[in-house]
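Colleague: Have a look at the structure that comes next, please.
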Amino acid sequence: MNHYLTPDLCDAYPELVQVLEPMFSNFGGRDSFGGEIVTIKCFEDNSLVKEQAELKGNGKVLVVDGGGSLRCALLGDMIAEKAAKNGWEGLVIYGCIRDVDVIAQTDLGVQALASHPKKTEKRGLGDLNVPVTFAGVTFHPGQYIYADNNGVIISPSPLKMPE
């Protein structure tokens, strides 16, 4: 597991990084995480989040555009544990999560807007690997994302921590 410091990455790569608007909180068991972006666009339906968590995700971060909904949770403990088991580095969710105490103990990076106790409906709706826009940034599959307690940044290519 790599450790990332977003301020250091911003200083080292000012021409490459874009910084997300500061609206996310760190809920996961990892203080920092990063990797190649896989995107999901969904609204109050986490079917695709569950499907992707069940696949191998080594070196990847799931970026979920949940429309900023504060009415239900797109991630809970069971999906988070499955994602960790399958090697995902983390998830950045423009929406809510639940089971926060368990997720805080899970070896997975999780950034989201808030917690909410209600689960989503599973209707099989959503789009995978499409450009998504939130927090002042457009995310494309194959870009790279890095997150820590300071914030979240993206880059068109992988970044190495400065010496």
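Any Cβ shown, glycine's included, is placed from N, Cα and C.
From a predicted model like this one, the values you see are computed outputs, not experimental measurements.
Heads up, here are the entries from Swiss-Prot:
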{"type": "BINDING", "residues": "Gly76, Asp77, Met78, Ile79, Arg98", "note": "substrate binding site"}
{"type": "BINDING", "residues": "Asp99", "note": "divalent metal cation binding site"}
Colleague: Same chain, not part of Gly76, Asp77, Met78, Ile79, Arg98: whose C-beta falls within 8 angstroms of the C-beta centre of the substrate site? Give them in sequence order.
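Modeller: Counting only non-site residues, the set is Ala73, Leu75, Ala80, Glu81, Ile97, Asp99, Val102, Ile103.
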Colleague: Given Ile79 (substrate binding site) and the residue listed as 'divalent metal cation binding site', what distance in Å do their CA atoms have, once rounded to a whole number?
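Modeller: One finds 10 Å between the Cα atoms of these residues.
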Colleague: Using Cβ-Cβ distances, find the residues under 8 Å from Asp99 (divalent metal cation binding site) that belong to the same chain and are at least 6 apart in sequence, listing them in sequence order.
Modeller: Ala73, Gly76, Asp77, Ala80
Colleague: Check the DSSP secondary structure of Arg98 (substrate binding site), expressed as helix, strand or coil.
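Modeller: The residue in question, Arg98 (substrate binding site), is coil (DSSP, three-state).
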